[in-house]
Amino acid sequence: MNFIFNSSMLLAITMLTFPLIYNLAFPDKTNNFPLYCKTTVKMAFFTSLPALLLFINTGQESTITNWQWFSIESLNMTMSFKLDYFSIIFIPIALYVTWSILEFSLWYMHSDPYIHRFFKYLITFLLTMIILVSANNLFQLFIGWEGVGIMSFMLIGWWFGRTDANTAALQAVLYNRIGDIGFMLAMAWLMINNSSWDLQHIFMTNMDTLALMGLVIAATGKSAQFGLHPWLPSAMEGPTPVSALLHSSTMVVAGIFLLIRFHPMIKDNPTILTTTLCLGAITTLFTAICAITQNDIKKIVAFSTSSQLGLMMVTIGLNQPYLAFLHICTHAFFKAMLFLCSGSIIHNLNDEQDIRKMGGLLNIMPITSSALITGSLALMGTPFLAGFYSKDSIIEAMNTSHTNTWALIITLIATALTAIYSLRIIYFALLNQPRFLPMSPINENHPNLTNPIIRLAMGSIFAGFILTMNIPPTSMVPLTMPPISKLSALIVTITGLLIAMELNSATNKSLMMSYIHTHNFSNMLGYFTYLFHRMYPLANLYLGQHIATMLIDLNWYEKTGPKGQANLHSTISSYISSTQKGLIKTYFLSFIISIPMIMLII
């Protein structure tokens, strides 16, 4: 059993390197390379299933140490894979979602001349995330961490001819650099105090609050929590398959996954738990508020991702890492599907992303519309869809905790807002009369478009049930909860849905004569980007100009250099000339008076 378990999972991971090796060996053979990549990921998914089934049946876990990288006096570094609860469940889900995204990319990117390079980047992106998830030491985890960072930069800036895409890619790197500083601080602290980066050794150490705060900063940067969040909506400048992969099962969940991995160190530290709780609550509310007034369909879905990441951070603050992980797994299905549906709509409407210029797509694109509605309902937490099993459990866990009343209230408000912006997409894009140009070449009959969306729709419907019924500890349902606590999430969701229906029908035809401050605050992302991307750089520019002109022109040339020397000598000479008046008679008189006085003294 152990042989089958280890070999199937390692083979699935190794298979992802086959397309990369093939491309290195035969760089000119690119005709069928995208299809080869898609087939490889599909086969890797089926190869990883025996390990998942063995884990479900027997609860088997293992740590595989293959070979020693290097050894110094204070550190022994090995290449080691940790196949435990989190990696065994996450890897098949990531492979399944990526398989669907790669198949969708065959349709979406078919006209791109560098599609083979695009698929190579996507495979590398997935591989680095799997390295991060399965790493058993911090060095290996850091390789995966930096790998997803650099691949996100390459993929967000895929259309490098556009200034916005380049700026968005740079934003992603720069904000993640701040998080990386926190990660490296934690690694340095562990090197000094523990002399080992292996997870099993780290978990026996009492980590300092400062080192754990470094991990929280790392997660804040990578998972776009409040303060380091502006890169996430900007990342929508990349192609839609990139957005789907970035937001579902790679990059953005890496920060949350890091905190889940280090939960044995966090669980007994109230400072860190409170920090993550408050940070997550602020993030989930702020990004939900921003999503309400956006008009770009991809940005609405992006802000919904950020809001769900805030919910996962809240769950870690509640000391519930398994619930946070369950939400990562269920969220991957419907979030990837929402992005693929958005990509289908955008591509069919000649790259139109404004929901105000859509409408009436329910009859024209039935498969995409059905999947979009299913994904939106799952995102809201509608009973018995994927999102319900994790989202409902998170809010129930908050109800049973007594330290976080305000976080509970904020999260419930954000849950209601989720229903509002989800329904807003449905209302504007799918219902009413068409508002797009009549010549749009709408066609959703291609199997590379419909098959991935249908597969992910199946996952969005059944994944939550399958996961919670088969995998502990979520399979053990608490039966002693008051009905009002159990129903609170559902009541809030239904309330938000009703308010959303009323708001959308009331505001659809009304004209806003003048923008109000609350609308501007939401639409302009809380003025965050204006403050940090405009005012600070402008202030730095003025300061730099002032320093340059003061230092070089005024100080050097006028105070110290040629003009300064001339001024210095003219000042000294004028002082001397003013003290020496040339009054010879007066000088002689004083000389004559002083001589008798000196003689008398002597």
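Glycine too: its Cβ is placed from the backbone N, Cα and C atoms.
As the structure is a computational prediction, the values presented were derived from the model and not from experiment.
Among the features that Swiss-Prot reports, transmembrane segment is placed at 39-59 (among others), with the record citing sequence analysis.
The transmembrane segment annotation in Swiss-Prot covers 88-108 (among others).
Look at Swiss-Prot and you will find 118-138 (among others) tagged as transmembrane segment, backed by sequence analysis.
Sequence annotations record features per position, and here Swiss-Prot assigns transmembrane segment to 141-161 (among others) based on sequence analysis.
Residues or ranges marked as transmembrane segment by Swiss-Prot on the basis of sequence analysis: 172-192 (among others).
Taken from Swiss-Prot, the feature transmembrane segment applies to 201-221 (among others), supported by sequence analysis.
Sequence-distant neighbours of the transmembrane segment (324-346) (same chain, 6+ residues past either end, Cβ-Cβ under 8 Å): 85-86, 89-90, 93-94, 97, 100-101, 104, 108, 240-241, 243-245, 247-249, 253, 256-257, 259-260, 297-298, 301, 304-305, 308, 311-313, 315-316, 352-353, 358, 361, 365, 368, 371-372, 374-376, 378-379, 385-387, 389-391, 393-394, 429, 444, 449, 452-453, 456-457, 459-460, 463-464, 467-468, 474. Look at Swiss-Prot and you will find 324-346 (among others) tagged as transmembrane segment.
Per Swiss-Prot, transmembrane segment is recorded for 369-389 (among others). Only residues 6 or more beyond the boundaries of the transmembrane segment (369-389), in the same chain, are considered here, and those with a CB under 8 A from a CB of the stretch are 304, 308, 326, 330-331, 333-335, 337-338, 340-342, 345, 361-362, 415, 418-419, 422-423, 425-426, 429-430, 453-454, 456-457, 459-465, 467-468, 474, 489-490, 493, 496-497.
As annotated by Swiss-Prot, transmembrane segment applies to 408-428 (among others), with the evidence given as sequence analysis. Distant neighbours of the transmembrane segment (408-428): 281-282, 284-285, 288-289, 291-292, 294, 297, 300-301, 303-304, 307, 310-311, 314, 355-356, 358-359, 372-373, 376-377, 379-381, 391, 394-395, 398-399, 401, 488-489, 492-493, 495-497, 499-501, 503-504, 508; these residues of the same chain sit at least 6 beyond its ends, with a Cβ under 8 Å from one of its Cβ atoms.
According to Swiss-Prot, the transmembrane segment annotation covers 457-477 (among others), on the basis of sequence analysis.
Residues of the same chain lying 6 or more positions beyond the ends of the transmembrane segment (481-501) and with a Cβ under 8 Å from any Cβ of it are 380-383, 391-392, 395-396, 399-400, 412, 415-424. Feature annotation from Swiss-Prot assigns transmembrane segment to 481-501 (among others).
Annotation source Swiss-Prot lists transmembrane segment at 582-602 (among others).
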Stretch among 141-161, 172-192, 457-477 sharing the most Cβ pairs under 8 Å with the transmembrane segment (39-59):
457-477
Selected stretch (most C-beta pairs under 8 A with the transmembrane segment (118-138)) from 88-108, 172-192, 201-221, 457-477:
88-108
Best-contacting stretch, by C-beta pairs under 8 Å, relative to the transmembrane segment (457-477) and drawn from 88-108, 172-192, 201-221:
88-108
